[in-house]
Amino acid sequence: MAASLTRLVQMNKMTGLSVLARSFSVSNQSNYKVSVLGASGGIGQPMSLLLKQTPGVKHLALYDIAHTPGVAADLSHIDTAAKVTGHTGPDEIGECLTGCDVVVIPAGVPRKPGMTRDDLFTTNASIVAELSKACAKYCPKAFICIISNPVNSTVPICCEMFKKAGVNDLGKVFGVSTLDIVRSNAFVAEAKGLDVSSVNVPVIGGHAGITIIPVISQCQPSVTFDQAALEAITTRIQDAGTEVVKAKAGAGSATLSMAYAGARFAASALDALSGKEGVVECAFVPSDRSDTKYFSTQLVLGPNGIESNLGTGKLSAYEESLVAACIPELQASIKKGEEFAKNYN
Ligand SMILES: NC(=O)c1ccc[n+]([C@@H]2O[C@H](COP(=O)([O-])OP(=O)(O)OC[C@H]3O[C@@H](n4cnc5c(N)ncnc54)[C@H](O)[C@@H]3O)[C@@H](O)[C@H]2O)c1
Ligand SMILES: O=C(O)C[C@H](O)C(=O)O
């Protein structure tokens, strides 16, 4: 099992990472409608640029509350196959989402220095609730990929809004934690002098501070750190978002690396839809693999969403202690999201 999983992850990484210049295994035809909600923002624009170049995208539908016509006009001049349409405001969201196969959601405000992701809840919870309601109405079978923070609460909000709308299959709702994997790969490769394209570090848990748990004991290729170095690199991965927020000094949070990570996750969703075998990504999803209702682990993706949850695998004692430490915070964030959605009309 371990060897075949390793092979799956490596195959997936090779294809999933080459967002710009790769061909789908099943066909090179552009088949899918992909929508970006929050398309005019710091993440939305560069991610839409990457998606415009992603094989398999037949129609890229861009939605925001502002500036969408300009972004859509600009992208539509690029000589790649995807048709681009722009949709502005709630009156146009139905047209944007109808027929969608994959929806990526980076709508909402980003952090400023000194804020936690949970400080964004007040603004972003209702944005995600409203957009989830629209997805449940217009494209309940699409892959829904949620980037908006706090992911540990916005994913439960989306799932509750789906259930309220009578959509009970939640196997295609994902909190996108791909940036944590991308960062872990970059930092481990740098520390060990490895070719980064061959490095894969699974990241489990959630997407905020101590809930981000890089499983370095399962890194491919295998790497070792002494305990002090292991704790230092783990902390750097957990605080990497804050590192960017501080460096941007009030101008927002990670946008370019997130655009790359979001496009990679969307490309994996398209691979899964096209029937490609061995598509594995970590994501924050409804789960029975820990003492919380939602947890990120490696997932095998297929045309119907999560095909199997690979769980945490064997963890080191240190990683077990990180999981134990994150459970209370994760449970509280999940409950906060669920309660918000229950009271949201
Ligand atoms: N999951 C992750 O790893 C990750 C990484 C980076 C950022 N984020 C989060 O992504 C979100 C967006 O970040 P950003 O830097 O792109 O912010 P931004 O402010 O640059 O862009 C957000 C966009 O959302 C739009 N928007 C606001 N309300 C909307 C609504 N109701 N419907 C549609 N669009 C709406 C805004 O008009 C804006 O264009 C933030 O919450 C941030 O914390 C998550
Ligand atoms: O840190 C943030 O606020 C944005 C995002 O969650 C990140 O990890 O970069």
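All positions are counted from 1 along the displayed chain.
Here the Cβ of each residue, glycine as well, is placed from N, Cα and C on the backbone.
Bear in mind that TrEMBL entries carry predicted annotations, made automatically and left uncurated.
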*Which residue of N31, N124, N168 does TrEMBL report at the same NAD(+) site as G38, A39, S40, G41, G42, I43, G44, D64, I147, S148, N149, M258?*
N124
*Write out the long-range same-chain contacts of R111 (substrate binding site), meaning residues 6 or more apart in sequence whose Cβ is under 8 Å from its Cβ.*
R117, D119, L120, N149, G241, V245, G252, S253
*Quick one: of the binding-site residues R111, R117, S148, flag those whose CB is under 6 Å from ligand 2, and say none if nothing qualifies.*
R111, R117
*Which binding-site residues from the list G42, S148, R183 come close to ligand 1, meaning a Cβ under 6 Å from one of its atoms?*
G42, S148
_From the DSSP assignment alone, can you count helix, strand and coil residues within the domain 'Lactate/malate dehydrogenase N-terminal' (33-175)?_
62 helix, 30 strand, 51 coil
*When the Cα of R183 (substrate binding site) is compared with the Cα of each of the binding-site residues G42, N124, M258, which one is closest?*
M258
*In DSSP terms, helix, strand or coil for M258 (NAD(+) binding site)?*
helix
